[in-house]
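Here Swiss-Prot flags 8-119 as domain 'MTTase N-terminal', drawing on sequence analysis. Residues or ranges marked as [4Fe-4S] cluster 1 binding site in Swiss-Prot (evidence: sequence analysis): Cys17, Cys53, Cys84. Look at Swiss-Prot and you will find 145-382 tagged as domain 'Radical SAM core'. The [4Fe-4S] cluster 2 binding site annotation in Swiss-Prot covers Cys159, Cys163, Cys166. Taken from Swiss-Prot, the feature domain 'TRAM' applies to 376-438.
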Amino acid sequence: MNNDTKINTFAIHTLGCKVNLFESNSIKNDLIMNGLVEVPFDSKADVYIINTCTVTNKADAKSRLYIKRAHVQNKDAIIIVAGCMSQVNKDLMDKLKISIQIGNKYKNSVFDLINEYLKKRERIYRVENILAEKKFEQTTQDFIFLENTRAFIKIQDGCNFMCSYCIIPFSRGRQRSQKMESILEKIKTLVSKXFKEIVLTGVNTAGYLDENNNTFFDLLNNINKLDGDFRVRISSLEPFQINDEIIDLVTSNKKRFCQHWHICLQSGSDDVLKKMNRKYTTDEFYKLMQKILNKSPLTNFTTDYIVGFPTETDEDQKKSIDFLNKIKLYDMHIFPYSKRNNTRSSHYKDINDSTKKDRVKEITKLNYLNKKENLKKYIGKTCEVLFEKKKEDEKMWSGYSNEYCRVMVESGDNLENKMLKVRIKKIFFDSLVGEIID
């Protein structure tokens, strides 16, 4: 590229969590508003943006792969690397021939950074000390959409808990939250645009606390008071942050709040939980689930789960299997343990990969069986389903129930973005099939 080069196209690839997805959409929106055209990542573009993840070694490897892929697509392109891997790895710029490296700050400034690069023709490194960040950074786009039915709102960022295996406090910084009034206004806007499901997302969602000391309960309570035909789904929660106030509010307002709780477990062994620096026991986790189920019996629970934590023994695995059989979660995001630099567990003796693989297979098989078992409780029951899409050349519409079950019905009508009651008739693989109740 020479000094007169004009950029017209960009491509972006996102790795990792919903928060990253949210921020990528904000970057995308800003570039489009400034006249750039998005093209697929596997085609030639003037600018490539890779919004990275570093939660596991696999995430790092994928991030590097997409950076290299961008170079192959266009050796003269501007390569921008952002996100968590970029935040904690200072040596990426030289190793991977990056034009612009930012972390989790300055994602709102990508267009300005591109112009700065074009003007100076010098590589730009803007990675700040994320642990010093105290204010929630507003994005250029307030929310993102999925399937034209669901919208995500990022309510907070960062985490104050130093779990021994986790790199997130170093890549995302300390906890900081968006003002409650701002969130409420965004929800009103989304509802006026006919969105039926709002997903509250963040790094540590239940740790929400804005500068006016509004808590997560305060936020939910005020959302519950809003007018409109919509429901709210809450993303990842820590078990020790779920109090009776939150449980009572969510379970007693089933039309407003989805009866689906994603509560982070991470291990079914108390010894492992202690070494992970998790702030609960398996018994406390079980009692929390029972408290919720007593008030809302059809509730589904999902979780994140780490297999093969350093020092995890065969006995720990057995205890975990027994506990998972006891609580029968609806679904789990299962990760083999991955050593992260600067975390406490990186100094522990790791277990071998073959043992990890065997244990992952065992937990994955159990997860499949428990999901099937959970689905049985819905047969003959009525669920409220938000329909999203229809398979091409078929009459089967699919959507998600309040409890986060995939539900399919046959209909010749257009059901997109309609919230309808469905009587469940049978299980089909990992989904439910039913009929619409008039």
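Even glycines carry a Cβ here, placed using N, Cα and C.
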Rounded Cα-Cα span from Cys166 ([4Fe-4S] cluster 2 binding site) to Cys17 ([4Fe-4S] cluster 1 binding site), Å: 14
[4Fe-4S] cluster 2 site, defined by Cys159, Cys163, Cys166: further same-chain residues with Cβ within 8 Å of the Cβ centre: Phe161, Met162, Tyr165, Ile167, Ile168, Pro169
All-chain count of other Cβ atoms within 10 Å of Cys159 ([4Fe-4S] cluster 2 binding site): 20
Entry from the binding-site residues list Cys17, Cys53, Cys84, Cys163, Cys166 having the most other CB atoms no farther than 10 A: Cys84
Residues flanking the [4Fe-4S] cluster 1 site, with Cβ no more than 8 Å from the Cβ centroid of Cys17, Cys53, Cys84 and excluding those residues themselves: Leu15, Gly16, Val19, Asn20, Thr52, Thr54, Val55, Ala59, Gly83, Met85, Ser171
Euclidean distance between Cα atoms of Cys53 ([4Fe-4S] cluster 1 binding site) and Cys163 ([4Fe-4S] cluster 2 binding site), Å: 18
Rounded Cα separation (Å) that holds between Cys53 ([4Fe-4S] cluster 1 binding site) and Cys166 ([4Fe-4S] cluster 2 binding site): 13
The domain 'MTTase N-terminal' (8-119): DSSP-derived helix, strand, coil residue counts: 55 helix, 23 strand, 34 coil
